Amino acid sequence: MSLRTVLDGPNTRGTSDRFWAAFGLAVVALLGYPLVASTYAVANAALFLLYAILGLSLCVIWGYCGILSFGQVAFFGIGGYTFGIVGINLSTTTGTALGLLTGVGVATLFAFVLGYFMFYGGVRDVYVTIMTLVVALVVHTFMGQTAGSEWAIGEAALGGFDGMTNIPNLMLGGIELIDTAFYYVVLLVLLGTYLGLRALVNSDFGRAMVAVREDEERTELLGYDTKRIKLLVFTLGGALAGLSGVLYASWGNYMNPAVFGITFAALPVVWVSVGGRDSLLGAIGATYAIEWFSQQLSITGSEYALVVVGGLLLVTILWLPKGVAPAVADWLSEKQSSPSIRGHEEVAD
Amino acid sequence: MNNLFSTGRSSTRRAFLAAGATGITATAGCTGSARQDADVVRIGVLEDRSGGFALNGTSKWQTSVLAIEELNEAGGILGKEIELFDPDPQSDNQRYQELTRRLIQREEVDALWAGYSSAARETIRPLINQYEQLYFYTTQYEGGVCDSTIFPVGATARQQLGAVVPHLIEEYGPRIYTIAADYNFGQISGDWVRILAEENGAEVIGEEFIPLDVSQFGSTINRIQEADPDFVMSMLVGQNHTSFYNQRASAGLDIPIGSSTTMAQGYEHRRLNPPALADMYVGVNYMEEVDTEASNAFVERFYDRWPDAPYLNQEAQNNYFSIHMYAEAAERAGTTDQEAVIEELEKGVEIEAPEGTIELDGDTHHMNHHMRIGHADSNHDLSFGNEQYIGAGFLQEVGCSLPDDPETTQYLPAEVYDL
Amino acid sequence: MIYDTLNLLFQFLDSFAFIVLATVGLAVIFGMMGIINLAHGEFILVGAYGTTLSYGAGLPLALAMGVGVLATTVFGLVLERTVMRRLYHRPLDSMVATWGLSLVTVQLARIGFGNTLSQVGTPLGSISYGAFSYSAYRVVLAGIAVAVLVSLYWLFMYTEFGTQARATMEDEPTARSMGVDTGRIYLGTFGLGSALAGLTGALYAPTITMTPELGASFLVEAFVTVVVGGSSVLVGTSLAGGFLGVVNATFTNLAGTFIGQVAMLLAAILAIRLLPEGITGLIDSWRAKRAEGGQ
């Protein structure tokens, strides 16, 4: 199959027929989920799936290009807020579509400017990590004090610490995307993102990305413009995070500055390192599994919920330094001496 | 009582069984529901028991459990047992959204109590509006919410500041310096101080809004000393800001302070070493130190149920009386159907709360409260004075009349007053 | 006029002390061992709680602070033996692991000690000048911050441990082959970093609110300063602390707390952009140039 030659390659683990069969089954299961589950469960699953896009945005820049951004949530939040501003002012089908485009656009532009500033300024490694975190925190501080009426854009008040309310739902062909319809849109976007990223990382450009991750100086000596590669990948990551943020704003009809805070900023890093940073599917599975699990713990109301979440992180990093998905893949390939499926957490609910 | 899995059902035996069943697998497994079961009244309570607001949220949750247990012992509501759903939102706004959705869509609660901060309230308001969920918000807050299914039963900034600002002007003089948390609550409270100052012939000579994550107040203290006001109005919020009072005492800033946020919520007078709060005046509708028969009996019941609780705060009292008030309205309506209960509440309900007998104003969904001025001396001993019965005047001024004119708005003082 | 200058000076001392003390424990652990300790705030928490609880149990304040430091050191040493040693040279993993550790510590502190502790009052009274007064204790803190930097300089430059630690940081295999017990050096360095974080907690315990989240209020300043400072613990921390302290104090004084904070963060971003290797990098290249010029 010609499609397989685009999607398979050395930079993704699942490449066997067996993998693709299992993948197909998982997709069918996810497509069928709304038929058997309650509206609540579907809407809830949509949230985890849209978080997974945020997870993927970090996975591609960190896992495949070696740039750990601790500030993906900044692009997520900017995307969501921009969608809110446009959507509140023009709450029509075209309005929300325009909101989607500007939301992703502004997040992308922001990532591009920040990336240019950093990579062409020689900021590297852990300094990139902390710089991105500081940027998120600056936005957090700024957005927290936008409560007054002077901070309104048209009809849309930024709302300070209390956040922006009345954000409309995304609309498509005159239909408001809520509950099941929203779930399907998120699922398709996630699927498209995943397959697109697979194609990207297995392309020539993808190989150059991985080369930058492995040894930036050597890659540069081989004649690649590593700054440009990093900037492009970082910008792509920003765009995906922005897309995820737009979906988030439409999901809850609400944005607030907590999305720029350190607690939320840590989440994508956690998802990706637990899933396995060079495994796209691992990131998706881990995002879903971790979010679902910590939600369940908070539902129990147990005071040990955060202890368990924190403890699990610690243990995973100590025992499975490469993450769950690579470990599962290794285990399977040892067992069957052929690489196969991994990360089936996403069909567990 | 074992507090490890806090379920808060009425009988200890059931609580124990439920604790066993609250494991992850149990919750994960049952996607089906017992919603058909109309023999119970379903109440949802989302109060923070971990994270930054746990200090304020925990006792709100505890009095909610207490109120529900009392009601169940007396035969429930309409002869039905009350079932409580009380996940822990962990002071996390995103968690609030997820859990509210769950309580509304999946547990189909008949009434919901949720949230300490205004941000938590705003986070879940889209869902409340979309599903027309009967919702009680019990924290003292900036005021102005006029929303068909929401009952903000805590005291508003106008009620609290209206009690304390005129008194301090009379006592100490007309020059006021305002420091407040730099977000909606603080800014609106700052506006109210200015409005009240003008109404009472006083003047705000300085105003500073401080981000919530600031915990170092050296320069703020300098600026207050430079302006040398007759008194300071402090609407600081949260644990970082609480550091101000210690730093103020150690810097020797001994200007009296008026407030709507200290002591009654975070019991700073118990936690901080005297004289950090010397000459602090706070407008409250309740504190556990209020010495009336009803209050003392309530305090005793509370500590019988929760012997290890550190404090019973103003908001906890609000949860307590509003759950009883809900029960009363449902009994009168003869059903827990939300629309019918709201209609009944809108007729106005009088309830004997620990703070005194108070009425719900049906038009605005707000309470008339007994407002008192609590004063802490240099040993942090409290006295109360100037008790006044104050209603939700601002919303009446702007013409909020929910039974005739349903809406989902929040009015701001800046829209009405010339600031 | 003179009072305004004094205000600014005190404000600077205050910011400087806070930034340096918030950072120094993190800087030792990051600079020497490459571990990004997101649980740094929780080390400070242990110090603060240790101090407050033992003061509450009747110890005099100075002694209670000693207990706080000791408790944090032990806490750090135990963690080094059980968790941290698996994370050396895995800076990014260390970030996730310590984030988990931070969640656990905060919540266990809440379960163990409740949502708050009864507070220690600030000692030493105030200094008055004109219409103003300033907490004397906060001036002392600035003195301690300088003293800590000086002692660290002495420790790293003039003691056996310091020489071995610097050698280990520079080139671990060589240091080991020269007979340095690098495992012990790591343990000692981590213990030192923990003790310093504990000291910060102990010193600030009488000024901040005792809640399980108190560590978070130190985290931003600490990370920003470490990055602006660059890899050299002492030079970096003191210069970055001075620079950010000046920016923070000036803007806070001129335009209020919010602007002060934003100005400091923006200054940090600019500094990282202009000096990607931190202030240390600037000094290194300046030294290198001078050395070249001298030849």
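Placed from the backbone N, Cα and C atoms, the Cβ positions cover glycine too.
The transmembrane segment annotation in TrEMBL covers C:12-39, C:59-79, C:91-111, C:131-156, C:185-206, C:218-247, C:254-275.
Outside the transmembrane segment (C:12-39), and at least 6 residues removed from its termini, the chain residues within Cβ reach (under 8 Å) are 84, 87-89, 91-92, 94-95, 98-99, 101-102, 105, 138-139, 141-142, 144-145, 148-149, 152, 165, 168-169, 186, 189-190, 192-200, 203-204, 218-219, 221-223, 225-226, 229, 231-233, 236-238, 240-242, 244-246, 248-250, 252. Outside the transmembrane segment (C:91-111), and at least 6 residues removed from its termini, the chain residues within Cβ reach (under 8 Å) are 34-42, 45-46, 49, 79, 83-84, 212-213, 215. Note on the transmembrane segment (C:218-247): residues 12, 15-16, 18-20, 22-24, 26-28, 30-32, 38, 40-41, 44, 145, 149, 152-153, 156, 200, 263-265, 267-268, 271-272, 275, 277-283 of its chain, located 6 or more positions outside it, place their CB under 8 angstroms from a CB of the stretch. Outside the transmembrane segment (C:131-156), and at least 6 residues removed from its termini, the chain residues within Cβ reach (under 8 Å) are 3, 6-7, 10, 13-14, 16-18, 20-21, 24, 28, 122-125, 162, 165-166, 192, 196, 199, 203-204, 206-207, 233-234, 237-238, 241. Beyond the ends of the transmembrane segment (C:59-79), by six or more residues, the same chain brings 43-44, 46-52, 101, 120, 123, 187, 190-191, 193-195, 197-199, 201-203, 205-206 to within a C-beta distance below 8 angstroms of the stretch.
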